[in-house]
Amino acid sequence: MPNTLSLTLSAILARRDWENPGVTQWNRLEAHAPLHSWRLEQPALDDAASASRRSLNGVWRFNYFPAPEQIPEAWVTEDCADAVPMPVPSNWQMQGFDTPIYTNVTYPIPVNPPFVPQENPTGCYSLTFDVDDAWLQSGQTRIIFDGVNSAFHLWCNGRWMGYSQDSRLPAEFNLSTVLRPGENRLAVMVLRWCDGSYLEDQDMWRMSGIFRDVTLLHKPETQIADYRVVTDLNAELDRAVLKADVALAGAGFADCEVVFTLWRKGEKCASVSRRPGSAVVDERGSWDERLTVAIPIDRPALWSAETPELYRLTMALLGPQGEVLEVEACDVGFRRVDISNGLLKLNGKPLLIRGVNRLEHHPENGQVMDEATMRRDIEIMKQHNFNAVRCSHYPNHPLWYRLCDRYGLYVVDEANIETHGMVPMSRLADDPRWLPAMSERVTRMVQRDRNHPSIIIWSLGNESGHGANHDALYRWLKTTDPTRPVQYEGGGANTAATDIVCPMYARVDWDQPFPAVPKWSIKKWIGMPDETRPLILCEYAHAMGNSFGGFAKYWQAFRSHPRLQGGFVWDWVDQALTKKDEKGNAFWAYGGDFGDTPNDRQFCLNGLVFPDRTPHPALYEAQRAQQFFTFTLVSTSPLMIEVQSGYLFRPTDNEVLSWTVARDGKVLASGEVTLAIAPEGVQRLEIALPELKAGPGEIWLNVEVRQPRATPWSPAGHRCAWEQWPLPAPLFIAPPASTGEPPVLTQNDRILEVTHRQQRWQFDRASGYLTQWWRNGVETLLSPVTDNVSRAPLDNDIGVSEATRIDPNAWVERWKAAGMYDLTSRMLHCEAEQHAREVVVTTLNVLEHRGRALFLSRKIWRLDEQGVLHGDIQVDIASDIPKPARIGLSVHLAETPEKVDWLGLGPHENYPDRKLAAQQGRWTLPLADMHTPYIFPTENGLRCDTRKLVLGAHQLNGAFHFSVGRYSQQQLRETTHHHLLREEPGGWLNLDAFHMGVGGDDSWSPSVSPEFILQTRQLRYTFSWQQNP
């Protein structure tokens, strides 16, 4: 250890600890469970704020330097004259200094471990503060930095105190010897890059600074240094033993004792006391400073994500005279996690992981997470039927785990290790020089977090290949904590360093035989020889932009194959940052918007929620697929359904099933039943229906489960599950349409014109298109009605293609190469016939690119005596071109309807491979709500399986998908950010007979399942269109 008295700033800079993988800290205290040092038991029991902890969050003084060598030597003892205020916690890039960098795989610095660039942005923080005189008289005062990116040196009152790296775990230092009465000064030199940055190559914004809490903690001379709590349940789960281990420190602990008291809901359950000294450990004896208790508990209330039953354990350290020296406390959850018979189990029952990956991200605050945002994340997750979260890819803020304990979420706690940009990826994992750094990131995480019942799995990190260092750390984990399984995806997801087969983006039925690390279909994987472990996808369903297609297919597999135990969606929140344009207007920015290089553009936008936590439509698909109730239509006569509960541990004590029978959205009958279902139980319900009268339209039975009472995570009336089925309808014979005045055809060399009362249609002979429709003398079209075979590319269509790199296999590149974004229409035939009751216009167009025919579109337009336009359209597709994104029509309407009314799937956006959550019904929304404001503009807003659409005066009937909004497909295709879109007059209507799925198994390879790709080379569709007075 260096001599602290001789360490000048220049000496520290010369030593360059931040480029030495063998140096991860100087003087940093050992990791331990979070400590509060209450001095009375009651506040510890109540989890009240401890007077022994003092937050140093607030406004510090700050200077930014492009490199540490530019820091003046005097800064250690006094602020620079040009120091500015800096909020702590914060990332300095969010405060106007330096540049945030978004990159996924590529390191943001040249890869030359352990060395980092000489230009190493450095933030110099300082704070003056006073200390309570009583703290100076006795005991120990520490400072705790919960998170500093990426490394820092610390001074107090001009004295160098130490060094630390690892951005996501606490760094704690003893300041007792240097604190003084009156004013004290902290100085913290934070480096943007260090050798540890090579272990922190996560897919996220790369930012710097003191971004988590800073706290002073005062401990008595004799103190509780650490504690560990383990619950041991018998096979019947009706008896438990609470095992608690405490380590003491300081002078005189041999004469002390610790009183352990277990509480539940304020009532004392048990209390025992112990003096220091462990049982004999080996031939050299026992631990003098440690003590262990085992407290038997009969019929414990068990913890699970469904029933987060918590006890409170207080540990009071008593002095020789029985005086309370300090108290530590923690929440305790009695649960057992194990893997048996190839299944991950909690309390003896196989789990189904409804999980999501979550990075700590806030659009204004960067990587600073406040309690309100954490709570909001958990509440939204649970409202949408998530029961698990993976801390991707680093240990989270300490409060996160306490909230997961209390709300009820299963947690994968993941070490801050990712070397994705290394070639090979396992380069550092197989290098013994990097074992100490990797080891600290695993062992310190466990020492901090092991008492949380919500943590059911440890993870060795992410995307770092597989090497000997991983094997060593796996063995350490299994020895240190045999109560939890370990997972690690690197090296193929099924190495000896994982208890769970945990692939990312493996598909349901399709093998991906990559060299060295094949990804088999998940169904195949669990049946491979000698593979007996459960399979839980550590990442799947890449929710980038308008994506998430095929999610229901995964859940069909999970529910059908017991050893397919779910997975973690990638990911929770769009990682966009708030930025202001040249006019001062805020918008959400992604990679490259700050001039950052390298960058991966919008690949940071993979969330189920927008940065402000507004849901993406995909979130509803997740909610529906993961719902805890499944429904079966047993019979229609009598009408009987079966409801099965997917809850493993709780009965339905707050659930009501409501049902309606509706014809074309109009409710014919309804009812409500209180559910009384045991865990994993079934309830059969017979629904008494009145006689249904014959009438036009489809009849649907809709059921939904709501929770009438509010819960800690949801409001009263929260809808948690739903289903619907079509019912047989009484035979209905539609009356013949009334006759009216027939339309009249007039024509010349340029146009065909049809007139009916106050309406007039005009077809252009040169193009063959319907170019105008007058109603009451007013033009209602701003563009012709044209064929539409392309869409503004989705992220999944683009894949990895960008300006400097082209993936010829990406859908968008195939469409571009075929000319589908640059088609011209050539009229081959256009004629009209006057009939007694109608006018028929027949057109034939070829859609071609540079003289090559891609599509042939034949349209038969019938205008009847009711003034209704009937379309009968057949499209033939060339055999040697890529499958199209859509087949349909597009038109720019002059009217801007205030609302949209439709009979079909809704109410939210849905696509052919992402429509499980949508329901058949009649829906009405404002026009603005028909648009989904994806940050990177794409095709959006589709509603599938529509039978009737009303847009102001326009009414369309048939069987089609549609989208309507203020932006053309061309504008969506050419615009890079949502805030740059400009509303166009009127409204754009896209009417689709076919629309390709959006895909979503991943976003870098074609992932639309074949059943959602047009397999035929000819498609015919019909519809009717009228304008109401």
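From the backbone N, Cα and C atoms, a Cβ is placed for every residue, glycine too.
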Record-annotated Na(+) site (Swiss-Prot): member among D203, D213, D1001 besides F603, N606: D203
Record-annotated substrate site (Swiss-Prot): member among W988, W1004 besides N104, D203, E463, E539, Y540, A541, H542, N606: W1004
Alpha-carbon spacing, Y540 (substrate binding site) to N599 (Mg(2+) 2 binding site), which is rounded to whole Å: 23
Sparsest Cβ surroundings (other CB atoms within 10 Å) among the binding-site residues Y540, F603, W1004: W1004
Residue among recorded positions N104, E418, H420, E539, H542 with Cα closest to the Cα of F603 (Na(+) binding site): N104
Residue among the binding-site residues H420, H542 whose Cβ has the most other Cβ atoms within 10 Å: H542
Cα-nearest neighbour of H420 (Mg(2+) 1 binding site) within the listed recorded positions, N104, D203, E463, E539, N599: E463
Neighbour-count leader, CB within 10 A, binding-site residues: N104, N599, N606: N606
Sequence-distant neighbours of H393 (site 'Transition state stabilizer') in its chain (C-beta under 8 A, six or more apart): Q202, D203, L359, E414, N416, I417, E418, G461, N462, E463
Local Cβ density at D203 (Na(+) binding site) - other Cβ atoms counted within 10 Å: 23
Densest Cβ neighbourhood among E418, E463 (binding-site residues), 10 Å radius: E418
